[in-house]
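Heads up, the thing below is written out as structure tokens.
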Amino acid sequence: MLAKRIIPCLDVRDGQVVKGVQFRNHEIIGDIVPLAERYAKEGADELVFYDITASSDGRVVDKSWVSRVAEVIDIPFCVAGGIRSVEDAGKILSFGADKISINSPALSDPTLISRLADRYGVQCVVVGIDTWFDEKTGEYLVYQFTGDEKRTQQTPWKTLDWVQEVQQRGAGEIVLNMMNQDGVRQGYDLKQLALVRQVTQVPMIASGGAGEMSHFLDAFKLANVDGALAASVFHKQIININELKQYLAENGVKVRI
């Protein structure tokens, strides 16, 4: 059995790491490179960087910091933000990123997933899915351009349908960003994770809602996710990654220590 992964998420805007609540009201956390170094030293298995306004601004992720991160950390990292072409992805990979992640551009052009997988291999291609639970309909729905409050929009896709679609097109990994839970630290949406897990054959990462160590344990034990992504609990030093891994290991979860 593969070790479960602990993945700090760094939302990037204007060259700094920021964090919001339910994708709104972002506060500045700090500089990108020192935070990346800190998490690598604390025992993170990998890092994910989201340039949160790149897609809504119509630009690709700022590459200047990607190469700096590659120089200072020795763990894998994934970069997302406005990647609309095979060439965009190639540049980011050439600057040292191990994976690229696409979200809104994949919704605009689903063939991008297969083109990226064909060129760089499925192991490099992560698809992020911003999913919102609609209480009126009881459905999980996919949203697009969530980095910009003015442009955020619901798509025609239901989450479970889109999860299956991206796998068929060559996604090597799926990150499920549960918008209702984002930043509120009340726990991952275990019901949604379990539903998605049933239709997911590739590695699946939970994102949105971690507030205490037990939330990670629940995601691994009850929803069988492959990795758990979190931001504010690490940024605000509510949870130490080494201590989290010790806790998980003591509770029967295989992790790298």
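Note that Cβ sites are derived from N, Cα and C of the backbone, with glycine treated the same way.
Now, the feature entries from Swiss-Prot:
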{"type": "ACT_SITE", "residues": "D11", "note": "active site"}
{"type": "ACT_SITE", "residues": "D130", "note": "active site"}
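Its own atom aside, the Cβ of D130 (active site) has 26 Cβ atoms within 10 angstroms in the protein chains shown. According to DSSP, D11 (active site) sits within a strand segment.
The two recorded residues, D11 (active site) and D130 (active site), have Cα atoms 14 Å apart. There are 23 other Cβ atoms within 10 Å of the Cβ belonging to D11 (active site).
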